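Over in TrEMBL, the protein carries these features:
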- 3-101: domain 'ABC3 transporter permease C-terminal' (DOMAIN)
- 428-543: domain 'ABC3 transporter permease C-terminal' (DOMAIN)
- 20-39: transmembrane segment (TRANSMEM)
- 73-94: transmembrane segment (TRANSMEM)
- 146-165: transmembrane segment (TRANSMEM)
- 428-450: transmembrane segment (TRANSMEM)
- 478-502: transmembrane segment (TRANSMEM)
- 514-536: transmembrane segment (TRANSMEM)
Amino acid sequence: RCRYFGILSSVGASKNDLKLLAIIEVLIYSFVAITVGIITSNFVMKWLHDTAINNALKTEFNMRPNPFMSVPSINILIALVIVIVLLFASLTALKEIKRINIIDLFKSLKWQMDGYKKKSRSILLDCRYVLVTLAIRYMKMNKKKYFSILMTLIFCIVFLNINSYRASINDQYIEETVEKDSLYLRCEIYDLYQEKNNFNKLIKTLKEKEPQKETTFVADFSFGNIGSISLNQFTDEYLSTYGTPEISTINIYFFGVEQDVMKEVTGQIQPVILNKKVQSTGVRKNQNIQIFKNGKIPITMVNTYTIKEPEMTWEKEEIEFMATADGIYELDSFNISNNYENLLSDIEGDERLNLMMVAPYDYYLSRYDEMQHISNNNSTINFKIKTDDHAGLKEEIINDKFVNNYLKTIENNEQDEYSLLNNAYTKIITYLSFTVCIINLAIIIVFNAYERQNDYAILQSLGIKNHDLKKMIFFENLCLVIVALVISIPMIIFIEGILFYYQYTYLNIFKPSYYTMLFMAVLVVIIALLATLLLYQMIKKKSIIEKIKGNDI
């Protein structure tokens, strides 16, 4: 824009006029970009929301879908950022223009063309490899502009690769963790104390429907809050690693399993603590830190409170659980879904203590007999039924009126909802980034070459053949994308390595996305070729005089 602002300045436009013009241009560009962006993003997010709701309605019962809601504050913030960045760029350009003499602004193009004429004569006379030499010697862009275009290319390539990498990892994770031969059910009983008999009947009914007689289930209960745990029960290793835990940061989870499963795994039917906390120590290395010393761990529980005028008194009780370091038990040992495994992990620096206690479900039923004052507690029972006939068994369970009273979710396989949503979101971002990157790459290449048509016209006037000109254009574009690829690939591997090292992916072995990189390399070369053909056809239709005047007023 230097020459055009210079021309306006030469005919009397003041600095304030130029600023106003730059601001108006920015507002026009921003309005179009923001309008299209908001409409597109809302359409995509609405589609995502509807897809998630439709999938949930197929598996969940008595569900009340949340309505779709946009976030105007986010749109306004993004719009302001776009406007501010463009205004900053335009006003910065005006500062550069002020430092240049108006005559120099007019003469800049002529000086460039005169310099190219001198170079081109010597090249055409002395060099056999005309197209290669011309492509290298005739680079018109200054360093700042070349750097900005190169950085945009690099960003497009890296962004697309990383999104594709994440999408492929999510697919791999879902495929590896889903047990395709099982049907998963989630049932909820609102008041277990009042419906204890129905609880047993529900388990018996579902066992009878399971063809292979290998049904496993987990009952998830809650009995109250932790009142206190004696600090002398904690191991020195845990205290040195995490420090003294606060009562407010301790969560407790109860899981009920069948009595024979409990006895087979632990050799007893008494409750046990999963006595470990998982800590990340590097590249896919986890350290199991023992929480409690061996032996019985007394835990004071706050169950509820009774009102005794004029004050409320909390009811407390002390429960003893066994903690042992002998073969610290895993959830898988009890056939409990690994969806709960993250509760044991030190995720993203989370230092809260999550305790897991496993016992036969009859133990929890007996506790409800002792605690009749506790009511209206939701209890969740997760069933995993092995079957080869998913559709048939699913229909049979849905048609059972008794089971249907408690059935909340039924799925062909157990998948982490967050992973599924994250996977869908990542794929959409990948598709969008792919589209944006392809368009951006094409625009950059065409724009770069389109500015060169004056130079191409001069070369034609000096006798270069059309065939050589086409090769030269392609070689220039190819050089640009090759430089971008050479810089991008190490960046991609580095970013993927960081994601792996800090466990932001589900991979157990570091596998860079070589296939995606190869695909991207082939893609940018194809784009360079197509851009060359498109630009050549545009240039070929113009006369030499039109090409030379193409960037003039």
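Residue numbers in this text run from 1 along the chain shown.
Each residue, glycine too, has its Cβ placed from N, Cα and C.
Between the transmembrane segment (146-165) and the transmembrane segment (514-536), three or more CB pairs separated by 6 or more residues in sequence fall under 8 Å, so the two stretches touch. Taking H, G and I as helix, E and B as strand and the rest as coil, DSSP gives the domain 'ABC3 transporter permease C-terminal' (3-101) the counts 80 helix, 1 strand, 18 coil.
Taken as a whole, the domain 'ABC3 transporter permease C-terminal' (3-101) shows an average pLDDT of 77 in this prediction.
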